[in-house]
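Below you'll find the structure, written out as C-alpha cells, and then a few comments.
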Amino acid sequence: MSKWAGIVLAGGMSSRFGEPKALASWQGSTFIEHILKLMTSALQEVVVISHSHIKERVEQLVQVPVIEDIPHYKGNGPLAGIVSGMEYIEADWYAIMPCDAPNVSHEWFTILLEQTSNNYDAVVPIINGRKQPLLAAYHNRVKEKIYALLQEEKRSMGQLLSQCNVKYIAGEDIQANADWFINVNTKEEYVQAQKDLSNE
C-alpha cells in the first residue's frame, strides 16, 4: 500500500468562472496540468476527480487516472470527490488539492507530509485566519466518516472536520506562503493571478 496519494478535485461546475477552471490556461499549459506536475513530483500516486462534461478533455491532457464521483454520491461536492479518490487509490494519507489554486508550490506538499502523524485524522492549514480544508491532508480512516455524512445528506467540509481529530497548522508557523492558497473563482481573480505571476 502506498503511504501517500494525491486527490485533485476538478469536478465543480465553475459557474462563477464561466468555463471549466481545470482547463484554464496557465504558464503555457492549464491549471490541471500545472497542479499535477507539482503533485506528481511529491506524491507516489495521484488521481483526478472530474466532471463527466470535461472528463475526456482532461484525460487527453494528463498522465494520471481521471475518474468521476462514485455514482451514488455524484454531485455531492468535495466530500464525494474525496471519498471517490480514497476508494480509487489505497493509501494511508491523502493530500487534497482543488484545481483552482495555481499558485501552490511543490514545497507545500513536503510541508504537509511532514505534519502528518497517526495521532490525527487530518492536517488542515489556517491561512490569514481561515481554515483551508481543501488544501489539506486526510487519513484513510476518515473515509468511513465521509460515507456516514453523505448518507445523512451532509456535504460540508466543516461537518467532516467537526468529527475528526484535526491538527490545525498556522501558515506563519510552517513558513507557508499565503499566496499558495489563493483560489481563482472568477475571471477577475484569474486576470489578477496572471498579473501577479508576470510581476514575479
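The backbone N, Cα and C atoms fix where each Cβ goes, and this holds for glycine too.
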Candidate from D69, D92, D121 that Swiss-Prot assigns to the same GTP site as L9, A10, G11, K21, D100:
D69
Where does K21 (GTP binding site) sit in DSSP terms: helix, strand, or coil?
helix
To see if you understand the setup: which same-chain residues, six or more apart in sequence, place their Cβ under 8 Å from that of D69 (GTP binding site)?
G11, I49, G75, N76, A80, G81, S84
Would you mind pulling the DSSP three-state label for G11 (GTP binding site)?
coil
Using a 10 Å radius around its CB, how many other CB atoms surround L9 (GTP binding site)?
22
